[in-house]
Amino acid sequence: MFFIATPFTCIIHVCSADCDNLQDTCPTSLPEKETIFINGLPCKSKDNNTAQDFKTAELTRAGPRDNFFGSSMNIVSASKFPGLNTVGISISRIDIEVDGMVNLHNHPRATEMIYVNQGVLAAAFLDTQNQLFQKSLRAGDVFVIPKGLFHFFLNRGSAAAVIFSVFNSQNPGLGSLSASTPSETTLESVENLKRKLITSFSDLELHHGTTDLASQILEIIYS
């Protein structure tokens with residue numbers, strides 16, 4: 001007995017991000033001790049769902065910026081915000097001090113769309129062909145970073161910058177190029193990194209090129 005797959009007998013479903021949920025809501029229920037490990041988070045009983053499950057104040061406060069990079073990133077996923085469970089998104093807030101930066105990093109499971117709430121910053125990402133896409137952003141601007149691509153943010157204004165972002169996954173992941181141990185990161189190394197990026201970014205804006213900054217980022221990634 002043979003089965004021949006044809007366009008009429010075979011339907012292929014493609015998930016562009018997280019798969020669709022099978023019920024209206026599924027607020028997270030975190031057990032005290034995990035005994036079963038699943039690809040996602042368990043749901044509360046629907047009889048216990050409340051409006052509070054779908055509200056969060058996680059993004060109202062700036063995070064600590066007393067570090068070498070002068071920035072903080074708070075990614076809020078379904079583990080912190082129960083109402084996000086199974087809906088396929090997560091959110092974040094980034095705060096960057098004057099002359100601060102968010103170091104090169106990526107989100108392996110999600111595209112990120114950022115909204116600049118305040119400040120002036122440089123944003124850039126590098127694609128798999130080593131082509132750089134960069135823009136200067138101001139309050140009200142929106143910028144999209146495709147899934148898995150390395151990117152960075154650099155505060156180029158005279159005041160702190162605040163960014164809000166949305167990811168098309170409830171668990172976007174975070175891959176960072178920061179040193180693996182605090183002792184490997186020094187104020188001097190961070191200042192050298194920022195100096196390279198600022199110089200290259202300024203040259204890029206002046207000459208409308210991308211080669212120098214792209215090469216600097218590649219050097220950082222592979223060094």
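Placement of Cβ uses the backbone N, Cα and C atoms for every residue, glycine included.
As written in TrEMBL, here are the features:
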| type | residues | note |
| --- | --- | --- |
| SIGNAL | 1-17 | signal peptide |
| DISULFID | C26-C43 | disulfide bond |
| DOMAIN | 57-194 | domain 'Cupin type-1' |
| BINDING | H105, H107, E112, H151 | Mn(2+) binding site |
| BINDING | H107, E112 | oxalate binding site |
Cβ within 8 Å of the mean position of the Cβ atoms of H105, H107, E112, H151: remaining residues of the chain near Mn(2+): N106, F125, I145, L149, F150, P172, L174
Across all chains shown, how many C-beta atoms besides its own are within 10 angstroms of the C-beta of E112 (Mn(2+) binding site)? 23
So if I measure Cβ to Cβ from C43 (disulfide bond) and keep only same-chain residues at least 6 apart in sequence, which ones fall under 8 Å? C26, P27, T28, S29, N85, T86
In this predicted model, what is the average pLDDT of the domain 'Cupin type-1' (57-194)? 89
What number of additional C-beta atoms lies within 10 angstroms of the C-beta atom of H151 (Mn(2+) binding site)? 21
With every protein chain in view, how many other Cβ atoms are within 10 Å of the Cβ of C26 (disulfide bond)? 23
Using DSSP, what is the helix/strand/coil residue split across the domain 'Cupin type-1' (57-194)? 14 helix, 59 strand, 65 coil
For the binding-site residues H105, H107, which one has the sparsest Cβ surroundings, going by other Cβ atoms within 10 Å? H105
